[in-house]
């Protein structure tokens, strides 16, 4: 495969550094007690990075994978991903048969749900492994950690065809500087597990640490498993978490090319609505990317890109497929010059945190919404090892 041709034939691409993902996982693993295992959360198509190649890169460092939906789990299995795959969200009854067929773990929190799973597992002569979801503070799915739920877990544990492999909860505010709320959730979760143990119910995998808790070295890290989410991709969960305990390397960079260059005179409006009007003669470049690709429209008149190692400010409104930048101060810009929307060029860098601050969008939202018109190009050890082109639903693995 001609890697040069692969690189040069695209309007835009997201380069995914699989070595960075491995490095981030190893760095986070070093924060954990020796026997604490990790789950790689690859929901939302691996936070926009591509679930399958990310899962394969993460596999040597983790004991399982977390997804949000049945379809995400099936996608991993279809592409040969083995081991524990936990559906962290709800699975509806009409999907239970497929769940069993693909050997996926559901999150269980109601007796009727468990009974139907038990019936189907028994009829297909299978032992279904489940994880119990506990609501300690998010007020979304999960049983409340009280005596009624202790009785519920005892009932579920007696159902044939069911094995309670894990129990989990989720922190609502672990990414905040004040950890009082997270401490309360952890205490409630541990107390609930203690009551279960008093009734002879010992569950192998207990997990509640998300990325924010992991990078902070939070006490919940001592449980059997931690879930590495956005941190695996090299992004800190918020500006309030500590960054001194672990160094993360962003795995994604997004690049395109200059598609048009022109000189405009003073008084010339730029883009929809004429919200920017040139105050003097300017040299502008058109960038063939827009909000249809997931580039936030909220960066209109606020964002920057890198061209020839220098910052070029966004002029006027970002369109669905294009936007314009000022290159008057950048010498010798040419058609098809590389443009970095997120990542490093020369000595400068556009970070997701900068994009978040400039446009007001949430960093998780930005990365997950990176558009499917953008092919993902996977790199390892300095070479392309895979390409995912969503336009024709094709993934080519060169490993």
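The backbone N, Cα and C atoms fix where each Cβ goes, and this holds for glycine too.
TrEMBL labels come from automatic prediction, so no person has curated them.
Among the features that TrEMBL reports, active site, proton acceptor is placed at 43, 272. Sequence annotations record features per position, and here TrEMBL assigns substrate binding site to 140, 320. Residues annotated as domain 'Alanine racemase C-terminal' in TrEMBL: 251-379. According to TrEMBL, the N6-(pyridoxal phosphate)lysine annotation covers 43.
Overlay of TrEMBL annotations on the structure.
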residue: 43; record: active site, proton acceptor; contacts (Cβ under 8 Å, 6+ apart): 51, 66, 67, 68, 69, 72, 88
residue: 140; record: substrate binding site; contacts (Cβ under 8 Å, 6+ apart): none
residue: 272; record: active site, proton acceptor; contacts (Cβ under 8 Å, 6+ apart): 316, 317, 319
residue: 320; record: substrate binding site; contacts (Cβ under 8 Å, 6+ apart): 290, 291, 292
By a three-class reduction of DSSP, residue 320 (substrate binding site) is assigned coil
Averaging the pLDDT values of the domain 'Alanine racemase C-terminal' (251-379) gives 98
